[in-house]
Amino acid sequence: MKSFVSLLYKLTEMLMSFSYILVKGGRVEEEKWRSIIKKGGFWIMGNHKNAEEAFRAYVRKMADYKEANAVLSWDLMTGAPPKGKEQRAEVIGMLATEFFKMSIAPEMQEMLAHLEEEDTYIGLDPVMKSMVREMRKEYEKNKSIPATLFQEYTILTSKAQVAWEGAKQTSDFAAFRPYLEKIINYLNQFIDIWGYEGHRYNTLLDKYEPGITVEMIDPLFADLRKKSVSLLERIQEKGKASNTAYLKKQYPALEQRKFSEFVLQKIGYDFLAGRLDESAHPFSIGLNPGDVRVTTRIHERDLQIALFSSIHEAGHAIYEQNIAPELVGTLLSEGASMGIHESQSRFWENIIGRSEAFWSYFYPNAAAAFPEQLAGASVQTLYRAVNQVQPSLIRIEADELTYNLHIMLRYELEKALITGDLQVADLPGAWTEKMDDYLGITPSDDASGALQDVHWSGGDFGYFPTYSLGNIYAAQLEAALARELPDYKEAVRRGEFDMITRWMTQHVHRHGKMLEPAEIIRSATGEGINADYLTAYLENKYTDVYELV
């Protein structure tokens, strides 16, 4: 660990002195970047390839910073000792600030301007064109934000995540409130700097799902809510109850973890390119396609929590493990958007993980791992149990049908917090009111209410809607998969998942950020976003599970 910190410090010192890369005659040398620009830049010789290589090297440095920060962030959330967390947050903030500085440096503008010249741009390969496109977007977004403001915000969110973890443990919203108030203040400053069209919240939505707006989501969610509530009422009135007692027995944590690891390995998560750990809130984090880590949360009285959290995060990780190798170090080696990312996690967690075919294969393994707990159970018993519809206080424990209602609740609260229609001090009360309105249940404490998710502590306003967009994308992708590979469910029944991963890699994974979200969906499915596939999927599934007539 000490040697890593020493290396990181040296890298930081080098970059802070702007010691970057110069390409001369095809040979890479280190020089002071500012002096290079003054001498006419790295393209003074008229060699466009040298200009491209220099840009790649510059962006690679940024990617290295991002990877180093990802390692520190993962450790902060999984293994850092309590007394070291605040200092770790400071280091994370500093590294993020250096990345930010590079994204808006005069050198970046000089390089982009040159590479965007018509005669130069036409000769760039597709990867380089995408790099230029993405870095231009980052430059335009960040250039007007003072570096000191960005550093303050990054340090704040790192500290806020630590504060959130403590506040959640003690169920004390008041302890987290000042951090959230400051975060919202910063976000509104950013919105004012970036500008917005229509609703202020649109700027935050665009960060996670380019092209999506409040004006698009409001009617989409209204229709989805109407159909979801209608199906929920039918289930509650006429549905045949499922037996979930098998899932609520005592399941030793170690055995749960072993079973989760077995399932993840079978569905295609590469443990030579990742690892499974535990954290307060499950997450995945990609350093590069060869190192994509996931965490889970284990509850010894509920088999579902660890299993489906693990599968969900593995869905994210399988995506990033299968991004094309040539995109490593280009800042394109990540998901196209959060909605596309969520389509992969929700696809594996729900469409595959909660399917009858999945449990036909894994039931014998589950019974062998937990012989006492599952004695007397069957494939159908577990299939119906893991698909029980029951309004839940906790989003990550919600069933497929009511899950989107949790997202709509957060979406409405976020919009109100950003516009100032809702004050942070009133958030717990507003949360309780909407839970009653949307799901007919209310939390008894803050931990199961407004403190249950980590997202707001990281400033991730605009992220929650991507979960429901991910559900929509997932159902649409599954329909396309079924058209091309109509026997894929039989393969799942045999424990063969490779054909699914290959299809997803071909149509989604390999592209990274080379394509926009809308391009990926249209290319993979033959049409734009269409929520009808999700509502049809839910209708068909729960009609079967609950034997609705």
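Cβ atoms are placed via backbone N, Cα and C, with glycine included.
The Zn(2+) site recorded in TrEMBL comprises His312, His316 together with one of Glu278, Glu342, Glu356, namely Glu342.
Neighbours of His316 (Zn(2+) binding site), defined as other CB atoms within 10 A of its CB across all chains, total 25. Cβ neighbours of Glu342 (Zn(2+) binding site) (same chain, under 8 Å, six or more residues apart in sequence): Thr466, Tyr467, Leu469, Gly470, Asn471, Tyr473, Ala474. Excluding His312, His316, Glu342, which define the Zn(2+) site, the same chain contributes Ser284, Glu313, Gly315, His341, Gln344, Ser345, Arg346, Trp348, Glu349, Gly470 within 8 Å (Cβ to the Cβ centroid), listed in sequence order.
Glu313 (active site, proton donor/acceptor) falls within a helix when secondary structure is assigned with DSSP.
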